[in-house]
Amino acid sequence: MLYQQIAQNKRKTIFLILAFFFLLTAIGAAAGYLLVESYQFGIVLALILGSIYAFSMIFQSTNVVMGMNKAREITVDQAPDFFHIVEDMAMVAQIPMPKVYIIDDPSLNAFATGSSPENAAVAATSGLLQVMNREELEGVIGHEISHIRNYDIRISTIAVALASAITLIASMGSRMMWYGGGRQRQNDRDNSSLGIVFLIFSLLSLILAPLIASMVQLAISRQREYLADASSVELTRNPEGMIRALEKLSQSQPMSHPVDDASSALYINEPQKRESLSSLFSTHPPIADRIERLRHM
């Protein structure tokens, strides 16, 4: 059951990434059609922008992310239990030892960052280290190590970059349309049924693609959380430890300092406890659902 769930989560992520590229292609084609009457130009521009965004964000320094989240790097002497658990989980996962950080905050949380296992880092709040016992902490760190091993940070970063590119292209297209960039071409365009269909499709793409892209990005984030939970159990062989850790995380207070949206998706638990109108707009699946999945492994 464990390996079936891991495989299912991976398949869902592949499907969502493909959906992203479809959206990027659609928004590029729509912008190209409306502004310069060239689908090809719009698609090429969209793919170039998406690639630039992705590469620039993937190679963002780990130190920058840790600095944004007020994390400080530690040595084995400063927190030996925490350090050795990270070391043990990395060894079991067969990845290089990541850097270890602590965030001085009473809330219960942790995250991992880094574009590859070779430049990864794991951070945990001081509150988490004080409240969790060893088995629970192994579950949390196993979750973060799984994010590193599964290249989740890279996948999530690509998702954020593609969503940003889609939003940027839609915004540019809408502004240029509004200020007259495509107005004359629209007036002169073929009024055939097919032309009207293309026009409606293009306009709807500019309007709806950013919203759908955001929903797909958040869905990827949620799927990777489920996958990391299951992968943590694969590493620790202790589902109860992970379940108890999630139960404690559900009772945690929000973090004491603001956390930006990009960093928020990295954490094992929603750091600001924002109430969402729908699970479709949440970076994390409900903890109750995560526990339920673990119980049925």
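Each Cβ is built from the backbone N, Cα and C atoms, and glycine gets one as well.
Here Swiss-Prot has His143, His147 binding Zn(2+), and the candidate from Glu73, Glu225, Glu240, Glu247 in that same listed site is Glu225.
The transmembrane segment (196-216) and the transmembrane segment (14-34) are in contact, since at least 3 Cβ pairs between them lie under 8 Å (pairs 6 or more apart in sequence).
The recorded positions in question are Glu144, Glu225, and the one with the fewest Cβ neighbours inside 10 Å is Glu225.
Cβ proximity to the Zn(2+) site centre (mean Cβ of His143, His147, Glu225, cutoff 8 Å) flags the following additional same-chain residues: Ala112, Glu144, Ser146, Asp152, Arg224, Leu227, Ala228, Asp229, Ser231, Ser232, Ile268.
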